Amino acid sequence: MSRPANQSGAYRGRYTEPVPTSNLGAMEEDFPEFEPFEDEVQPRGFIPAGEGLMVQQVDMCQQQNKPNHYTTAYDTGNLVVRRGQEFVVRVTFSRPLADGDDFQLEFLIGSNPSASKGSLVVVTFNSRHSGPWMGQILEMQGESVLLGITPTPDAIVGKFRTYVAISAGSGMQRTKRDTSTDLYLLFNAWCPTDAVFLPDGAERSEYVLNDIGVINQGSVGAVSSRNWMYGQFERGVLDACIHILDASRMPIFNRGNIIQLIRKGSAMINSQDDNGVLVGNWSDDYSMGKPPTSWTGSVQILLQYANTGVPVCFAQCWVFAGVFNTFLRCLGIPSRVITNFNSAHDNTGNLKTELIFKADGTPDRRNTRDSIWNYHCWNEVFTVRPDLPNGLGGWQVVDSTPQETSDGHFRCGPAPVAAIKEGLLCHPFDCGFVFAEVNSDVVYQKRDRYGTLTPYRVDKTYVGQCIYTKAVGSSATHDITHTYKYPEGSADDERTMSRAEEYGCARDHSEVPETQLSVTISCEQVGLGHDVNLAMEFHNQGDVPRTVQANLAGSVVFYTGVIATHFKDQPFSVTVPANQKESVMLTVTAQEYMPHLGAQLCLHFVVTGQADDQSLIASKVVDLQTPGLQMQVSGSPQVKQEMVVTVTFTNPFSFPLQDVYVAMEGPGLMNQRSHLYRVIESQASISWSETFLPRLPGPRRLVAVLNCRNLHQVSGLCDVHIAE
């Protein structure tokens, strides 16, 4: 006869019971309401109540606890507290406590809770031995008793069930299962003995409590920003984050370990090998889901995944980083989104990114395998690293964008930022991969007709030119490049690079000929649909004039550096006088590039040149600017008072916009709303209004995005201060 599914014997012979991996599953049969002591003879029936002590009510004191634990913003009916810090519970008994009365609080998480694994915690309030959590009686008023409970700073993080048990003669009499007394326990950045303790108060407010963010994008010299609504306090998000851990089958008793938890989270935010949250897509075909540019934040993504169990389509690096940031902050872990500009990828365990060119100097796209992303977003978390030598705690790189496997899963980190700066690539996890992203040399190779490669230029400064994050307390950009690397060419930088090579990251040692010719290319910001004016300046440091046979190549590229469409090759020549500079202006018309644009609004121009035996090259990334959405709010800016937000947009282009999707949301203000327009004709305008009731006071932000088949990356925002 077959065994029922819930009695699966897969664990037999290895564990006495299945390893608990579910926190949110139905746990209705924890304990019997009356549990006889094992060394007592069991009575034939229940002991009459008489004057026995009984529990009338259990109050989790949310109004008192939540402000003390900085959890008021969580939109849930249950108590949310942080570990390592006392919270209070008020228990009302059937009579005042007497000297001989003995009771305890029991906190359970997951199935088959065990005291030895930390998933069953008993808290006593007399001389009897207690579990690891501390308990004390703070106040007694008649039948009402105020209890203080302090979880350990390394307690399991998740959703606990709460019981009050009274010693009643031959056994323990417990309260009935009551979901209203369940509580969520989080990491605690305010507790000095918690692994994620962050000493600075302003940084705690930013990296744990701020539910809106700014993610830097664009390119070096033309940095743009995208507003991202983290929404870690919105209804259902905390349960969704715990559901991710359940879906990963992470053992309950490991969920207090910060390193294991963030490694599991890094793997689960992408769906590459574990049915995780997001499906990556770097093509122009998003027909089976939503374009990455159409998301306003993390909330809809997490709720959709929790409700369906199906990976959400689609994401690119900033979406992975934004959702991972929500997951981390929601669980109480200090975190931030980082953008590395000119980020090296596809490195085969070395510090060389090789770009290959044909004999005539034009790019050899077929034989170039490595790529340099215009930017790449990852996360940092703040935590101690007791597994590593002193000095390697603090900010750690974690990356959920699926690129390379780490211990068999597509994930990355935590890699100490301090170790990356010092070239200490021997320490876990994935330091070598991150080091290459910010420190690779760009080697320009020329390929002859026989396939032989000859290096003719090495650029040691192009990759990792700047590394940005959002500033604390404002939407400004904060440059943190100095935390990852020493100044290029300095003695400290050379020491770091040499140390990295000792740990197996091969550097480039090509000997390239010195050249007297060089070229730079520059361009002002360009709006979508406008001509691109490129200024190329050739510099001749030799004593004789030189005639350069040059070529300008233009392509539409993904932000990953991969070419979507090559649309232009323009040869030209220029004579540069000795010891002088010569400028050439070239115009690329909108008619040339517009037919080739898809979801990508990024152009890449490469100018190459040959003069006698000298080769020269320069490149420029041009991010096309899009018009914005206008947003305006009206009404009384006060909690639970109706307000109206209006989004307006005028199509400034000569072509109609088709199948237009507009969405807006604001954490603490309104859930995501969306609207569809079949067509917006050229020069036509739309106006869309929605009412909302603010939930949270203080400075809040509304964000809207517009996306359609022939226009992407259009957004707007509106800030409002909500009174209590």
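Heads up, the Cβ atoms here are built off N, Cα and C, so glycines get one too.
What TrEMBL lists as region 'Disordered' is 1-26.
Residues of the domain 'Transglutaminase-like' (309-402) grouped by DSSP class, helix first, strand second and coil last, total 14 helix, 42 strand, 38 coil. Annotated domain 'Transglutaminase-like' per TrEMBL: 309-402, in sequence order.
The active site annotation in TrEMBL covers Cys317 (among others). The Cβ of Cys317 (active site) has 28 neighbouring Cβ atoms from other residues within 10 Å, across all protein chains displayed.
In the shown protein chains, 25 other C-beta atoms lie within 10 A of the C-beta of His376 (active site). The active site annotation in TrEMBL covers His376 (among others).
The active site annotation in TrEMBL covers Asp399 (among others).
The predicted model assigns the domain 'Transglutaminase-like' (309-402) a mean pLDDT of 92.
A distance of 6 Å separates the Cα atom of Cys317 (active site) from that of His376 (active site). Applying an 8 A CB threshold to same-chain residues 6+ apart, the list for Asp399 (active site) reads Ser266, Phe320, Ala321, Trp378, Asn379, Arg411, Cys412, Gly413, Val434.
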